[in-house]
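Asker: My questions will all concern the structure given below.
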Amino acid sequence: MSIILGIDPGSRITGYGVIRQVGRQLTYLGSGCIRTKVDDLPSRLKLIYAGVSEIITQFQPDFFAIEQVFMAKNADSALKLGQARGVAIVAAVNQDLPVFEYAARQVKQTVVGTGGAAKSQVQHMVRTLLKLQANPQADAADALAIAITHCHVTQNSMQMSESRLSLARGRLR
């Protein structure tokens, strides 16, 4: 059993999603958004750090998964996003959580089946996969999709390792 915290970073809205994985079964534990309503960036970063730290304390995750920075058209926005990611990662590292990073296209490919999926498609598939009553907020859905991607990637890695081990055992006999 593992608890995974997914983070969709943003300097104004940071989405989070927490799921439990037991084998191939995923269970929704919680999700939401950290909203920073102050104008100055240092204060927003402080709120993101405090919010992520509080979520980690509340849910006690085993793994921390976060979206990688993508190249934005606006350099200033990309820098702010990078700083928001940074404080979220520091919150995880300060609580000794292993950090995993996933590209947005990989997350969409894993959850929806296409790397160019729309936010509404991600919301729908997250709702379906986690058997939720309603679509989560867009940023929370993205964070849950990041957590689901981590489960999928680690599950596939374990299966590949087991297959290699079985092959090696077969050769040794």
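Just so it is clear, glycine is given a Cβ too, placed from its N, Cα and C backbone atoms.
Pulled the feature table from Swiss-Prot, pasting it below:
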- ASP8: active site (ACT_SITE)
- GLU67: active site (ACT_SITE)
- ASP139: active site (ACT_SITE)
- ASP8, ASP139: Mg(2+) 1 binding site (BINDING)
- GLU67: Mg(2+) 2 binding site (BINDING)
Asker: Three states by DSSP: which one describes GLU67 (active site)?
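Answerer: In the DSSP reduction, GLU67 (active site) maps to strand.
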Asker: Give the distance between the Cα atoms of ASP8 (active site) and ASP139 (active site), rounded to the nearest whole Å.
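Answerer: Distance between the two Cα atoms comes out at 6 Å.
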Asker: To see if you understand the setup: which same-chain residues, six or more apart in sequence, place their Cβ under 8 Å from that of GLU67 (active site)?
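Answerer: In sequence order, ILE7, ASP8, PRO9, ARG85, GLU101, TYR102, ALA103, ALA104, VAL107, ASP142, ILE146 meet the Cβ cut-off.
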Asker: May I ask you to report the DSSP-based helix, strand or coil state of ASP139 (active site)?
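Answerer: It is helical.
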Asker: Starting from the Cβ of ASP139 (active site), draw a 10 Å sphere and report how many other Cβ atoms land inside it.
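Answerer: Around ASP139 (active site), other Cβ atoms within 10 Å: 24.
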Asker: Starting from the Cβ of ASP8 (active site), draw a 10 Å sphere and report how many other Cβ atoms land inside it.
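Answerer: A 10 Å sphere around the Cβ of ASP8 (active site) contains 25 other Cβ atoms.
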